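First the structure, in the form of structure tokens, and then the observations on it.
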Amino acid sequence: MTPVTDSRFRVAVVGSGPAGVYASEALLDWSDNRDPSGRGIVVDLIDRLPVPYGLLRHGVAPDHPRIKGIARTLEGIAADPRIRFLGNVEFGRDLTLDDVHRFYHAVVFSTGALADRRLGIPGEDLEGSYGAAEFVTWYDGHPDAHPEWALTAERAAVVGVGNVALDVARMLVRSPEQLEPTDIPEHVRAGFGTNTTRVVSVIGRRGPVHAKFTPLELREMAKVEGVTVVVDPADLEYDDDEARTLRDSDRRVGQVCTQLEKWAGAQREAGLGTADEAEAAALAAGERVVRFRFHRSPVEILGSDGRVSGLRLAVTEPVPGPEGVGGRVRSSGRTEDLQVEAVYRAVGYRSAALEGVPFDHDSATIPNDSGRILDSPGGQHLPGLFTAGWVKRGPSGVIGTNRSCAVETVGQLATELESGTLPEPAEPDPQAVRDLLTDRGVDLVDGGAWLEIDAHERGLGEAAGRERTKLPGRAEMLEVARASRTSPTSPTAPTARTP
């Protein structure tokens, strides 16, 4: 068959989460409105999973349908016929950097960050010590997550004061009935049916004014039926620097502190003078408890017979004077041992290095200048290579932050395309990359197969009165994808790789 010549610009976007989809959108916008050549553009949206949308599908708590509504925006973008989804394709294994140069003018890496940062304290490898991402990917039905999760701890600690920590804490105290309308896979639903968690302590080494929660996420905790939130009133006694931070910061900080003060005020009105009294009263009433513990820094995870049995905390205090500006704390010299049977660290995510792509292991990001990949931090730009999202800037911001991040990157990419300095791909035929993947035994999931997976999950959900029920793993997704193919497999084609 004679190869098809396609004169349009060809760009690969590796990673189909929000950053990747927004980068694709920005590329189409540039082509439609600002490309002086008028050549047009096509984008291959490549993902190692059989399904798109990354963090939005596998990183947002299932009781957050309002955030998942963003998926409809991404679906609208990805439906453009100039964007082609190539799923179940792992960069570095199925497709290399040399391959990318053969088929595309440029590539944008937007592979996100799903590895947990560690605390670096003794006991972190005990059974019952987890990274938040491990738990999040389990309850969100990530194909690579372990199918089972032991929810046998009555008391758990979540280390961290960001929205991920709130998600983990809230999911731990949700009743199975409250999760019934969500899209979690059936094996996850069954797992939450065994949940014995009664108390979750959320640990922050600094005070409330330096917490990273968003007010909306914090207020959602107040809406969880059967849960009492406990705050130590002493944590709301601010020193001069904290009071100044509260006064001078944006509305978010004030709203967070106001919500915490409401909970502390409710305790006072109930005649409960201490956080311990408030916790005991809630448990006696049959409630589950989420307790915020500020000015506490983990120093050791305690264990017995190889399992978590407690968490040793250093009590911290603000550094006085000018040296303490910005929320710096120091140990007060006192420690507390908290009885818990599980510890979840929610202190940030790290990106993973990609084969053949420069990587800064200190920042866990691809070195770049406004999205243009550099050969090393502060080094030389590598033509045709770009990055967007968390792997570009680190795990920061909200989902919408990825749009402006992607627009910045595409602005740099467009400059290179307009300059005419990027070489033409050796194989511009759109079918060539698919043929290569088939030859390598890749069980490719294209856009049509993804839509079949999507429809299948919606059908499972409809049968149970939900919007969707996620398929439990990669094998099940690929089974649906294979069934959707209308053309028979060539008898001479290599056997497709299965998970």
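Backbone N, Cα and C define each Cβ position, glycine as well.
Ranges compared are 180-199, 240-259, 480-499, and TrEMBL records region 'Disordered' for 480-499. Listed by TrEMBL as binding FAD are ALA19, TRP390, GLY397, VAL398, ILE399; the candidate from LEU45, LEU49, LEU55, LEU422 that the record includes in that site is LEU55.
Under the three-state DSSP scheme, ARG206 (NADP(+) binding site) falls in the coil class.
Surrounding the centroid of the Cβ atoms of ALA19, LEU55, TRP390, GLY397, VAL398, ILE399, where the record places FAD, the chain contributes additional residues within 8 Å, namely GLY17, PRO18, GLY389, PRO395, GLY400, THR401, ASN402, CYS405.
If you take the Cα of GLY397 (FAD binding site) and the Cα of ARG205 (NADP(+) binding site), they are about 21 angstrom apart, rounded to a whole number. When averaged over the domain 'FAD/NAD(P)-binding' (9-174), pLDDT in the model lands at 95. Sequence-distant neighbours of TRP390 (FAD binding site): residues of the same chain at least 6 apart with a C-beta under 8 Å from its C-beta are ALA19, GLY112, ALA113, TYR349, SER351, THR365, SER396.
Comparing CA positions across the binding-site residues LEU55, VAL398, ILE399, the one lying closest to ARG205 (NADP(+) binding site) turns out to be VAL398.
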